[in-house]
Amino acid sequence: MGIKQLSKLLRENSKRGIRERPLVYYSSKKVAIDASMSMYQFLIAVRSGGATLGNEDSPTSHLVGFFYRTIRMVELGITPVYVFDGVPPEIKMKELEKRKERRAAADREYREASEVGDKELMEMYDKRKTKVTGVHVDECKRLLGLMGIPFETAPSEAEAYCALLCKKKAVYGVATEDMDALTFGSPVVLRNFNGTQSKRLPVMEHNLPQILEDLSLDHSEFIDLCILLGCDYCSTLKGIGPKKALGLIKKHRSIGNILKNEDLEVPGDWRYSDAQKIFGSLAEIGEIRDFNISWDSIDRNGIVNFLVEEKGFDLERVNKGIDKLINSRKKGTQGRLDCFITRSK
């Protein structure tokens, strides 16, 4: 879910904190990529024309996306570092259960639309019922390994681990559509990083220090603002929209002071303090030490066996993609990724 309406609030209140850049700007830069978000984007991107299916009628659009988009990044001199979700925090389980219920409802609506042949509704509900599964994750990790592309599995939330990489200056920025990467403290967050290649959209670069300056908030106050807006870890408060949330934080400087001084309807199970702790500390979870992540070798035969023999991809297209990947790596524009993390695949 990310942070509700944060993007809109920042567009209206921090114009200096958001810049449009072409994808080529990130040539020679290292970018941490929220892998789960990328998989979801690739899975729903082909829904209008029907899912891309492999040999056994299993969806392969996530593999199509990871293979060709990653090659395009490498061609541009971008070093992608994919980060996969680890174990979600306990407080997020309620939100995950809600998502499960929404997907089940969407599945029912999809079947009803299918019965009457309403293709527009079918497409809408097909996207809503889409879920990234463990199979998708394992297949993408396998493909990245065969391609020699760096990837990590976070101890918990991928966005938090990506934020840590950025704070440690291991990467230039974090590519995700979830705005809570800012809440976790990532200095730079890149939206439209995947979409820019197919839709020719600019990358929207969010600069956290500039955003905090424009909003006249420190990071702990920004965390409280995001909690008021609505996040994955606790519900929103009735009657609190973006404008009011920002006004309350600027007036009282913390949720604790707001609750002491304002007459608000607060649910008994509103666990805002737990959300504060997660946003304030989750990105620091895990052993930190000097660590070197280098590009691994490209396994052409392994890629062909996986994508062509197992998944039914076109051999000529796959080989052309591998050639592009090899040639781009030979140019020596990628280098090595030196960062301070524990390898956790």
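A Cβ is built for glycine as well, from the same backbone N, Cα and C atoms used for every other residue.
The feature region 'Interaction with PCNA', as given by Swiss-Prot for the ranges 279-287, 288-296, 306-314, 333-341, sits at 333-341.
ASP232 is the residue from ASP85, ASP232, ASP263, ASP269 that Swiss-Prot records in the Mg(2+) 2 site together with ASP178, ASP180. According to Swiss-Prot, the residue from ASP34, ASP214 that belongs to the Mg(2+) 1 site alongside ASP85, GLU157, GLU159 is ASP34. Model confidence over the region 'I-domain' (121-252) is summarised by a mean pLDDT of 91. Within 8 A of the CB centroid of the Mg(2+) 1 site residues ASP34, ASP85, GLU157, GLU159, the other residues of that chain are SER36, MET37, VAL83, ALA154, ALA158, ALA160, TYR161, CYS162, THR176, ASP178, ALA181. Here the region 'I-domain' (121-252) is broken down by DSSP into helix, strand and coil counts: 71 helix, 15 strand, 46 coil. Of the binding-site residues ASP34, ASP85, ASP34 has the largest number of other Cβ atoms within 10 Å of its own Cβ. Between the alpha carbons (Cα) of ASP178 (Mg(2+) 2 binding site) and ASP85 (Mg(2+) 1 binding site) lies a span of roughly 13 Å. Here GLY230 (DNA binding site) is compared against the binding-site residues ASP85, GLU157, GLU159, ASP180, and the shortest C-alpha distance is to ASP180. Each residue contributes its Cα atom, and for ASP180 (Mg(2+) 2 binding site) and ASP232 (DNA binding site) these two points are 9 Å apart.
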